[in-house]
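See below for the structure under consideration.
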Amino acid sequence: MDVELIAMQLVAGVALGAILIMVALGLTIVFGMLGIVNFAHGALFMVGAYAGLWVASLTGSFWWALIVAPIAIGLFGVIIERVLIRPLYKRSPDDPLLLTFGLGYVLVEAVRIIFGSDGIPFSTPQALQGVVDLGIGFFPIYRLFVVAVVAVVLLALWLGLEKTRFGLIVRAGARDPLIMRVLGVDIGRLWLLVFGLGVGLTALGGVLSAPMRNVNPEMGSLVLAEAFVVTVIGGLGSLLGAVVAGLLVGIAVSLTALIAPEMATIVMFALMALVLLIRPQGLFGKTGGGA
Amino acid sequence: MAVETPLRQIRHAAGTGAGQASRLKAAFTRWRVPLCVVALCLLPWILPSKALAVNVLIYGIYAVGYNLLFGYTGLLSFGHAAFFGAGAYVTGIAIAHFGLPWYAAVATGILVAGLLALVIGALSIRTRGIYFSMVTLALSQLVYYTALQASSWTGGENGLRGFTVGRLDLAGLSVDFLDPVNKYYVIMLFAAAALWFVSRILNSPFGAVIEAIRENEVRARACGYDVERTKLIAFVLSGLICGLAGTLSALHLAIVPLDTLHYNTSGLVVMMTLLGGAGSFFGPFVGALVFLLVEDVASLWTSHWQIIVGSMFILCVLFLPKGIWGTFIAWRTGR
């Protein structure tokens, strides 16, 4: 097979993987800290894409959409945590999961009411259109841009978690919230911020993916299942796992599309089944398998 | 139904402080299936339409089967659309592609749903808690995409068509299935059988073990029960009943939309079960009834009824965690 073609598919796979990483990271951070799986995560990804669309049409600039939409939706996430999820911490871990599932329903329907049920095209910003020759083949500039943005976000996240005082508190809070409370940390406010961060990340993923896929109310449900596959393969609660599994899934899907297109969506689930058989807790998960 | 496990006898004996009340409760439990069937007999004459009543039956069976796993074993699956959908698709395919008689198609549908539950169950019970929910959802998405791809068998995006069942013939008996009242009572027979089956399971020693696993898995294992195997059996039994529901939905609609396998169909049954009350015998049926009734009424004045149903569900999780029927029972028994 053509080396150039494979290289191009590889880049496409990495770009797809980058989007998956954004979504899975938000899911896994919220789980690692708060111990809940956010079933509205996919819907918030979709809401992020629509928010991006709206900001872009208002300001006429993709760049504003890229910055404003994730922050706005992140703040929306903060409100969700404060109003809907906080009353449930003392109850069974199933309850927040069920609540966020219902929330996903409401969000999808709300978007349908505002923007209609049909998909809306989202054009690639002018500066990022076209392809670039890297010697081994021509690559769409936008996909390379997506990979770069995700790399920057990952670096910032890593620095934030490893090198700052806030990161130290977050990591300690994930280990033992009770001790942190005893030490005088306002753990409730911390969880608020972490949930907002998780939602902001998925919203950013939504805006980034908008020019690559059509924006439609259903896009979240597909992404949610994909994010689950990534977190299950990587190990729930593991940031490194989300990154490795995201790339793995993205590349696997992309290369399968080259060989057998009809198997492309199925291959990631097969990959997950395989990982489950060998390591039920995921590649980087702690033994015991999550919750 | 009269089989009383030692565990239950102890539980009843311990509750004799209330004397009369507990004896009443025991009688209520013993007669719960006949009571339910009497209620179901009256249903089509109370509800606004016969079609709605048939839907209540189908989704009631679906929720009862789901509740066996969620309410009684304590496993929150988000992939039961796979079994509902497998039952529906296999029944439809058996009639449309192989020309099987309806009863054989129904049996095949249930069987395949059970086999699928065996595979998905074996994979997913290796994980625990929230992980389990995610794995069941992801595996059911795999079934969804497989059905989407195998369009020569399943009709792909358009769904499966071309298998109208007009008459049901069995052992010389013939029923006009297109008549709504006939259709309702035929499906009700299946519902009664499913209810009896579930009641039987719950009253057996096996029923006591799954409840023990739900209450405390570590302790159940320490008591010497094979927890993994028990969970898998519960998963398969639940899949069989949900497969039956899917089968009946195929007979009822005479089409199988691809949406049957969508994860919204999985979520639907979670919502119905929780709305009615997980872990109570009548709860899932009550949940299916209320959910479909609200959907029916809401869809009259807005096409966006899902926003109403979703909000109702959120409020239910927040303020009525035991569900409608569960709260009613708790209030009746003063707990």
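Cβ atoms are placed via backbone N, Cα and C, with glycine included.
The transmembrane segment annotation in TrEMBL covers B:31-47, B:53-70, B:77-96, B:102-123, B:130-148, B:184-211, B:232-256, B:268-294, B:306-331.
Between the transmembrane segment (B:53-70) and the stretches B:31-47, B:77-96, B:130-148, B:184-211, B:268-294, Cβ pairs under 8 Å are most numerous for B:268-294. The stretch from B:31-47, B:102-123, B:130-148, B:306-331 with the most CB pairs below 8 A to the transmembrane segment (B:77-96) is B:102-123.
By the count of Cβ pairs under 8 Å, the stretch nearest in packing to the transmembrane segment (B:102-123) among B:31-47, B:232-256, B:306-331 is B:232-256. For the transmembrane segment (B:268-294), same-chain residues at least 6 beyond its ends with a Cβ under 8 Å from one of its own Cβ atoms are 29, 32, 36, 47, 52, 55-56, 59-60, 62-64, 66-67, 70-72, 76, 78, 80-81, 84, 198-199, 202, 214, 242, 305, 308-309, 312-313, 316-317, 322-329. Long-range contacts of the transmembrane segment (B:31-47) within the same chain, counting only residues at least 6 positions beyond its ends with a Cβ under 8 Å from a Cβ of the stretch, are 1, 53, 56-57, 180-181, 184, 188, 191-192, 195-196, 199, 281-282, 285, 293.
Long-range contacts of the transmembrane segment (B:232-256) within the same chain: residues 54-55, 57-59, 61-62, 64-66, 68-69, 72-73, 75, 77, 80, 83-92, 102, 105-106, 109-114, 116-118, 120-122, 124-125, 154-155, 159-161, 163-165, 177, 183, 187, 190, 194, 197-198, 201, 206, 210, 269, each at least 6 residues beyond the stretch ends and with a Cβ under 8 Å from a Cβ of the stretch.
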